[in-house]
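Below is one structure; the comments refer to it alone.
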Amino acid sequence: MLFPSIVAALAALANPVLSLTIPQATGSELDVQLSAIGNTRIKAVITNKADRQLKLLKYNNFFDDGPIQKAGVFKDGQPVKFEGMLRRVLMKNLEPSLFVSLSPGQTVEREFDIASTADLASGGAYSVFSQGAIPFAEGDGTTIAGAVAFKSNKLDLDIDGALAATVSKAINPISARTRVESACRGEQRETLLKALEYSAQLSRAAAQAAQNNTRKVEEYFMKSDAQTVETIVARLNAVAQESSSTDSGATRYFCNDRGNQCTPNTIAYTLPSLNVVVNCPIYYDLPVISDECHAQDQATTCLHEFTHNPGVYDPYCRDHAYGYDGIRKLSPEQALLNADTYSLFANGKPKSQTTSNFNLKF
């Protein structure tokens with residue numbers, strides 16, 4: 001993992017939703033129907049099927065105004081490479097403006113263009129599908145009370161590749177002429193180094209726990225067979241390795257926002273297509289490591305973000321769900337590729353704040 005001295009100006013981005021096979025849609029309190037309204041432009045019709053109001057968090061789903069991936073795109077049964085942003089959201093002290101309320105039976109529509117975050121220039125047959133769990137609050141409050149799962153229909157498309165290639169991309173290529181001096185200095189640098197130290201420690205401990213406690217693996221990942229455990233251990237060990245070096249590795253880490261994506265309650269974000277991690281200002285307000293079960297802190301944020309980077313471990317993790325209640329609604333396939341599942345598993349019980357001496361070089 002590198003602290004670069006130069007970085008390109010980062011433009012608008014996006015956020016993965018799905019991977020692997022496409023399951024059939026089933027009943028849910030939230031109905032999502034996808035339809036095509038252009039070559040690569042999609043309309044999502046979201047209906048509250050519950051008998052109560054749903055007060056949904058806007059981030060990382062169809063209601064997000066940011067350039068995140070609203071649906072997975074597939075060609076020949078395989079996910080198309082995603083080029084966009086994944087953000088980690090602080091799940092407390094949420095502003096009312098970060099929620100959208102749907103009354104029972106209410107329907108809203110959202111539109112997005114899948115070509116802005118995927119290369120569809122080859123054209124031909126594609127499938128689009130979305131699935132996940134959206135956090136919600138209750139009444140007039142903004143405290144997350146749970147998560148509502150959803151599965152959309154599978155939308156088949158015949159895409160004109162030449163037309164798709166004309167859609168503006170959400171992320172611009174790196175320009176060697178656009179340089180920003182390193183901002184990882186002083187107190188921010190020391191804070192991040194300490195968080196990386198704990199990230200390495202937590203990741204290694206979690207990898208060992210996965211091998212020794214299949215009951216806990218089942219609780220968080222919905223499955224505990226040998227292949228599942230092997231994947232979990234390999235990913236966590238890869239995160240530990242990436243956390244243990246600041247002058248080499250697969251990722252670049254920025255202490256300050258360079259893409260103007262640090263919206264309210266965004267702790268950090270990752271650009272998986274570039275293997276870049278960026279901290280937002282509120283990252284530095286969090287404790288380096290927390291003794292509270294499932295709490296968000298700097299160390300688990302580093303762990304969380306590194307699981308998003310294909311250079312660390314591929315296939316990289318998405319943001320299918322947030323929080324313990326949310327991850328418990330995922331399928332085993334989704335859980336294995338969900339970033340918050342790993343960070344929650346790693347701090348699923350209070351941690352000692354003793355620090356081992358990692359050889360962190362800068």
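Placement of Cβ uses the backbone N, Cα and C atoms for every residue, glycine included.
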Per Swiss-Prot, HIS304, HIS308 bind Zn(2+); matching candidate in ASP291, ASP319: ASP319
Recorded disulfide counterpart of CYS280 (Swiss-Prot; options CYS262, CYS302): CYS262
Recorded disulfide partner - CYS184, candidates CYS255, CYS293, source Swiss-Prot: CYS255
Listed in sequence order, residues not in HIS304, HIS308, ASP319 with Cβ within 8 Å of the centre of the Zn(2+) site Cβ atoms: LEU86, ARG87, ARG88, THR270, GLU305, THR307, CYS317, ARG318, ALA339, ASP340
Structural state of CYS280 (disulfide bond), classified by DSSP into three states: coil
Helix, strand or coil at HIS304 (Zn(2+) binding site) [DSSP, three-state]: helix
Neighbouring recorded positions, C-alpha within 10 angstroms of CYS184 (disulfide bond) - of CYS262, CYS280, HIS304, HIS308: none
